[in-house]
Amino acid sequence: MSTVDVSKLSHRARRAYLKKHKRKRLRQAAARSRDETEAKELALREASPSYQRQLEEEEERERLEAAQKERDEQEWLEREARAQQEWAEEQRRREETRQKEIEAQRQIRADWERQKMTEQTAESSQVGKTSFVKDIASTESDTTGLPPWHHPPLPATAPVPPPVNSFDRPPQERCSFFRKTGTCRYGLSCSRRHDYPQRVESVVEEDGAAEDGDHSCIVLCIPHMFTHPHLPPPDAASGELEDSGALSADEESVLCADYMEFYHDVRDELEARWGRVAALRTCRNRTEHLRGTVYVEFVLGSGATWDAAEACAGRWFAGRQLTCMVVRLGGGWREAICGLHHRRRCPKGDSKCNFLHVFLNPGETVTDLHHALKLQLGELPPSERGRESTDRQPRNTCGSPFSSSRRSAYRWRSRSRSPRRHRTSDRHRRRSSRSNSTDRSGSRSSSRSRNYQGRRFHRSRSPSNRSRSSGKEHKKQKKRRKVHSHRRRSPSHSIHVSPPSHSNISPV
């Protein structure tokens, strides 16, 4: 330890150094006193009998804990050995079971191969016998001239079975969706019966039509004829969404414009070859069995429908080969078309609903469509559209909410409306007429009554109910008052035209 020369330190440093060493000496003295006290206490404790007993108890406790730990370790080792033995036994049993299963499968395969070989042998022997019999029969026919076989007629008392119709099917429940829409999402794998109409009227078709009712109709069905990027198949759509068919305004306008072009193209072609079309409907569903399907009903009936189906089958349209079929809408158009789609209330949307979500045809509104369905029609004639007027027009799926016919009718009503007349003008007219009839007013009241009669709009007496007219109307009224006042004050200036005398007319 280095010593410090205190004489060379300043007064403050020297006092700090001395205080520090004083504290150190005090700490050392306290430590020596504490050690001596602890040594004395330990000596007294070791000499005490109670302390000796405590030490003995602690040693006994440690010995017991060590013995318990040894026993626990031994028990754990025994349990582990038993578990290992049980696991090995379980593995041995599993291996034996697997070997037995393999042996059983081998035995089953051997039996199957043996049975197959036996069947092949029997079949070959049967073929040999059949060929042998045929050879014998041909030999006998060649030698004796008898037929190769002979079926004796039935006895006269034998019961005659009823004739079997080729259209008869086993009793099976009809598919409700196929009956209503002419198509089914399950197709040929549907567990219910699909009744297709026949061109030749048969008993089965007549029964089906009677069961469907008077509103059933035969239509031409062309699946997937209308294709568009905004009508993707289910796998290309954005999931199986609750309503993934919601399009933006631009996409909807493009889709409707393309559909209108498609509609005119298809309708003109069909009407040019098979007569007037009563209804043409195109589905905008996203489901695979309805997406872009076109339904056509002809005015000439089922004959034109069958002719169109036979002629259009196999033709190409927009790079796709068409598949045409004739179906029956058992409940008519009213049951086939989803009535909630254009009201935006269909809970399943375009991707899951099995009823027809159709486009609105050009010049058609939602009201026209609902009115046609109410009349059990697929489409209203163009002359009947726009006659139903409603206060709230549902949103038009294709185009603006009002069609051209609706707008023209709206303008016609606005032109036919008579001009509004202020209610106070009639009151003043009646008042002026009473004053003229009783002759109780002077020239001023008479001129005022004429002025009120000449006006279309005027101010009422109460300031709060005055009707303001434009500047031109005010000038016309002022000019009219001047003319009436001038004629009243100077009647001599009025022009009188006397009728011509017959004597002045020379004969022709």
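Note that Cβ sites are derived from N, Cα and C of the backbone, with glycine treated the same way.
Quick caveat, the model's predicted, so the values are computed rather than measured.
What TrEMBL records for this protein:
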type	residues	note
COMPBIAS	32-44	compositional bias 'Basic and acidic residues'
COMPBIAS	61-80	compositional bias 'Basic and acidic residues'
COMPBIAS	382-394	compositional bias 'Basic and acidic residues'
DOMAIN	169-197	domain 'C3H1-type'
DOMAIN	332-360	domain 'C3H1-type'
REGION	1-80	region 'Disordered'
REGION	377-508	region 'Disordered'
ZN_FING	169-197	zinc finger
ZN_FING	332-360	zinc finger
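Counted with DSSP, the compositional bias 'Basic and acidic residues' (61-80) comes out as 20 helix, 0 strand, 0 coil. Here the zinc finger (169-197) has long-range neighbours at 204-205, 208, 212, 218-219, 221, 223, 287-290, 293, 295, 302, 325-331, 335-336, 354-356, meaning same-chain residues at least 6 beyond its ends whose C-beta is under 8 angstroms from one of its own. Taking DSSP states H, G and I as helix and E and B as strand, the compositional bias 'Basic and acidic residues' (32-44) has 13 helix, 0 strand, 0 coil.
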